């Protein structure tokens, strides 16, 4: 490996989506001498243990569902048994490895210096980099970006919790399990539960309340929980794990409270914790540079991604704002433009309102803007008009009633002009549907604008422009 530079204009700590996007914009677009330091694989959580391998697994689950449904369309298709998880995992891992290589080549193409190692702040303008061979180098930088992301957590207070794995460990599972327990009520737990269930795994999902995805609109919560129970996910409501035991064969016994009673399930192959993430700031030397964090350990930033220390910035999950890959990328690119671009970009910043988000559940969920309770709190119920529709997508027309998944849409409109301030959808294709409607909501579209768009028939999405 060539010696690393001792001086740079822009040093990025963290080679995930946000860090790489910012460094590439700085170097490739504005000609700034830039360096990225990353101790793991390039691409961060999203590429390696998040969005990308998760979506590939989601597609595998969709194929399994399609095979099951094929007979309703006249195909005599046998379920391929057993599902070849090892081959699937090998191909998924190879795809991720290709992306790692693409990220590295993209950095090289934009003339960003990439250093595989661990960075630690020594001062507001200097960083100690520990390379793979243990040697250390000090790099002085005019500006520093912290984009180190976060790590999934495992609760330490539950006896035997260490026998479980976190969401990262899910992608290391070598064989398709027969029985899995997941703990959590957010994106990750819900997505994993849906995928595993579709692949034929007995799936237990432990949640603390009556619904999951509790930051989403109540309609989404209610419809999705009911559907998960219908398709066979064992949702343990108002539950709390009390202990975990592991037998000589490696099987787990999960002890838990559900409602008022004590219960347990045995012969569990994997326990997956999906109970939140913490910022990856340990050992980063934030105190040496005077970078402040909040009570949860997230780096404090203002609306321009400035930290408490001049010339040190932060983007992505380490800030604890909207923890989504495209948000980190967008914030990073705007930061690069503000710092290194022309004068008219000096006040550029990311607007964190109306960020679209999708849960690759079964069925998919899409959401942008305010939930109904949030809209009531902001505008008052008397100033809102709520449009709702529930129906069965045409895809299910050939199937028996008990095999039909739901579709439910909601538009939340505010004021006399009926500006669309919230849009929430659950049903087939919601992830793809939401992107275009997200543009409309961000442009300030009204209900009349939606109505004036000619429907595309027959589609599920046409319902959003024909709501009454």
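These residue numbers are counts, starting from 1, taken along the chain as shown.
The backbone N, Cα and C atoms fix where each Cβ goes, glycine too.
Within 10 Å of the C-beta atom of residue 457 (active site, proton acceptor) sit 7 other C-beta atoms, taking all shown protein chains into account. Per Swiss-Prot, the feature active site, proton acceptor maps to 457.
The FAD binding site feature in Swiss-Prot is assigned to 17, 18, 38, 45, 46, 54, 119, 317, 325, 457. The Cβ neighbour count for residue 119 (FAD binding site), using a 10 Å radius over every protein chain in view, is 26.
In the three-state DSSP scheme, residue 17 (FAD binding site) falls into the helix class. Taking Cβ-Cβ distances under 8 Å and a sequence separation of 6 or more, the neighbours of residue 17 (FAD binding site) in its chain are 43, 44, 46, 47, 316, 325, 328, 329. What Swiss-Prot lists as glutathione binding site is 17, 24, 103, 333, 410, and the listing cites similarity to another entry.
DSSP assigns residue 323 (NADP(+) binding site) to coil in the three-state reduction, placing it in neither a helix nor a strand. The Cβ of residue 323 (NADP(+) binding site) lies under 8 Å from the Cβ of 150, 277, 316, 317, each of which sits 6+ residues away along the same chain. What Swiss-Prot records for 185, 188, 191, 208, 214, 276, 323, 358 is NADP(+) binding site, and it gives similarity to another entry as the kind of evidence.
The annotation disulfide bond is assigned in Swiss-Prot to 46-51. There are 18 other Cβ atoms within 10 Å of the Cβ belonging to residue 51 (disulfide bond).
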(message) Which secondary structure state does DSSP assign to residue 103 (glutathione binding site), in the simple three-class scheme?
(response) helix
(request) Work out how many Å separate residue 185 (NADP(+) binding site) and residue 51 (disulfide bond) at their Cα atoms, rounded off. (result) 17
(message) Just to confirm: which same-chain residues, 6+ apart in sequence, have a Cβ under 8 Å from the Cβ of residue 191 (NADP(+) binding site)?
(response) 54, 58, 359, 360, 361
(request) Out of the recorded positions 38, 276, 358, 457, give me the one sitting nearest to residue 333 (glutathione binding site) by CA distance. (result) 38
(request) Look at the binding-site residues 46, 358 and tell me which residue has the greatest number of other C-beta atoms within 10 angstroms of its C-beta. (result) 46
